């Protein structure tokens, strides 16, 4: 197999990268009806598999789970997830031939083997579904020409897919149809019905492409979503400990601080997050973030270049073939970092203190969001995709750090995201440690600016505010958050 993206000419590549349209709620007026009366079989029952299946069943769809016979015989966790929730569970051979829609929700590294196994069992004219297009775009999987291939990609971990559905809402979702596999012209009808079955239409769906989803998803998760949180946690903790700050306080400020500052980001973008700081702290955070952007821009651009060229994917797949020796080694090293092992305590930090004493964290978030967004849009990815894969998902990932530090983040994200995270953090951590952290003090991480005057230069403050608010990520963010608010009003009202 060869990388699908590389088989496209430049015009086709740019067209696929630039596919992203926010879909009107009226386009989902029939909700999941197109799939009602049809047989949906999900392969794999991890977080995405189970929670998408629960939502689809509650939306009136007929859902079953196909697992390997060994997983059934040994009653592995995937079998327990499905059977304990009352789903029919059976082997590939029993369920796949009956399926109208087969949804592959196994880990990325298993996709080739799974698809090569299930494809001969699928009936003529059936549909194969993905929630991440890596297998199609990066591995170049060729699908039988009579099969339709679609994607529904919720922009959050599987647990949130379920929780938002139970609240009567959903999560923003990218949907796509593989242009090489839509023989009956029904791909979009199937994708829309599947998305509606998960509740995604209530939060807003983006009409995208397999290429745009994969390239933007890889970039976001490697850099701002995971890599920057990991590198930032490690170097900020080291700084505070070296300067005499209590280990429990330093660890808690970081573990729960990322979640707190990005919660502000979720509601009002970078502008609102920065507005949570005092005026002197805002100017300080702005200056720090500008320095960080200058320092880290080459690294962000390298990751984007390696994703576009396919170098990242080929490197990771080589590690798959080598029994994940690099991935597992980096995972172990992360578990041994000082931040991961800081002592627990009953200490409580007031919400505003996370901002006041975490000025550098705010600066890192602003720098990381803007750098990731800029790298993506400069490569042909449109603003909407870049927003969802940078700013929008960051609070969701920060929440996993709050639960169980970096370990939880790396468990919840895919192996693909985890591998990319380590690639980024392994370079970003020493870069920050050597070139940036010696230039800052605990007034920006750990202790705060203290009892200083709030007086600032008015012209400087105006310049800072205008620069923050006029970044393209703020314009598209305000527009998309507005759509989501409107969608939620309609969903709740309905």
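For all residues, glycine too, the Cβ spot is worked out from N, Cα and C.
When Swiss-Prot records 45, 46, 47, 48, 76, 78, 108, 109, 110, 158 as binding NADP(+), the matching candidate from 39, 68 it lists for that site is 68. Residues 389, 393 are recorded by Swiss-Prot as Mg(2+) 2 binders, and the candidate that the same record lists for that site, out of 182, 189, 217, is 217. Separating the Cα atoms of residue 414 (substrate binding site) and residue 47 (NADP(+) binding site) is a whole-number distance of 10 Å. Take the Cα of residue 393 (Mg(2+) 2 binding site) and measure to each of the binding-site residues 45, 47, 68: the nearest one is 47. Sequence-distant neighbours of residue 109 (NADP(+) binding site) (same chain, six or more apart, CB under 8 Å from its CB) are 320, 415, 416, listed in sequence order. Around the Cβ of residue 68 (NADP(+) binding site), the number of neighbouring Cβ atoms within 10 Å comes to 19. Each residue contributes its Cα atom, and for residue 217 (Mg(2+) 2 binding site) and residue 47 (NADP(+) binding site) those atoms are 18 Å apart.
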